[in-house]
Amino acid sequence: MKYTKLNFMLSVLGIIIYITDLIVDIWVSVRFFCEGRNVFGILTVSFMLFGTLVVQCFSYSWFKADLKKAGQENQHCFLLLHCLQGGVFTRYWFALKKGYHVAFKNSSKTDNFMEEQIDPHKEVIDRMTDLSMLRLFETYLEGCPQLVLQLYTFLEHGQANFSQYAAIMVSCCAISWSTVDYQVALRKSLPDKNLLSGFCPRFTYLFYKLFTLLSWMLSVVLLLFLNVNIALFLLLFLWFLGILWAFKKQTQFCASISMEFLYRIVVGFILTFTFFNIKGQNTKCPMFCYYIVRVLATGGILVVFWVSPVSIFNSDYFMSISITIGLTLVLGIIFLIVYYGTLHPNRNEETKPDEIDGKAAQRDCRMKYFLME
């Protein structure tokens, strides 16, 4: 497996999107405070802090694990960098520096960070996969709630300023990019997994995730207009069910018990918005049940909103929102069926569970215990 110049350019694009998303979130939060909408400003900052704190925790624990495996002592500078919220940028620095030498200068020297002799291409791919995992965490912990909030403020006033439009567009791009990039990077880092190659499978997977996510977020926004308490109760209940599912499947992603507990909390939060195979087992039945519940919940929200005496929107405005929710949900399910029916990397293999936890990779790595599709 090679880390190419194209891979390097895509990695650069990834950090550009990451920084742009961060800048836009700060910009939007400042605008909220300047306009006197302090609640929205506080929520925006809270989502940012929640996402980045969780990401820094995982990043630092991985640095510690890598140093321990390399037989090196824990370096306090890494702890300081993560306390200053610089863990992701530190990882990007190491990954892009090594990736540039591998892609453009064909460097084969061993990195001082790891004393063992390993394939430099594999080393860079593993580092980029770590980054894709962290971006996925932050996208769903911070990006998805931010997008719900931005959609809520947009629909509340019927119009938005430029910063809100920018926030919605950047959030959609960040969610789309991190989801597809994670899936591509994860399969590339695992030698026993088929690659997600070609534009058609990637775009089909992208549209499946994007449309189902957008439909659900708009539904949640409508429920927020109807009753904030009911909406929060529904989201917390789904989060709780996701955590229970992660405990039931006995995920084994982290070395320490405390980090594994945090990981299962994060998995439960992700399952609130979209489906992932958290154990690498055959998930036809769980996925079917998941999206049946999603369809029923979305339909129930639309019905309740139609029969409730809520006069926030005029009928024509609400009609267009309802059609958008229904259309994006149907399109998302269609793309899901097409992807898993004809374009999934394992479609030509004999039907069996994905043995992430059972089948050993060429070298021990975190990725084989992570979310799989």
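Residue positions begin at 1 at the first shown residue.
Just so it is clear, glycine is given a Cβ too, placed from its N, Cα and C backbone atoms.
TrEMBL assigns the feature transmembrane segment to residues 253-276, out of the candidate ranges 157-180, 253-276.
Scored by C-beta pairs under 8 angstroms, the transmembrane segment (230-247) has its highest count with 253-276, from the stretches 12-33, 253-276, 288-307, 319-342. Within the same chain, residues 212, 215-216, 219-220, 222-223, 225-226, 234, 271, 275, 318, 322, 325-326, 329, 333, 336 sit at least 6 positions outside the transmembrane segment (288-307) and bring their C-beta atoms closer than 8 Å to a C-beta of that stretch.
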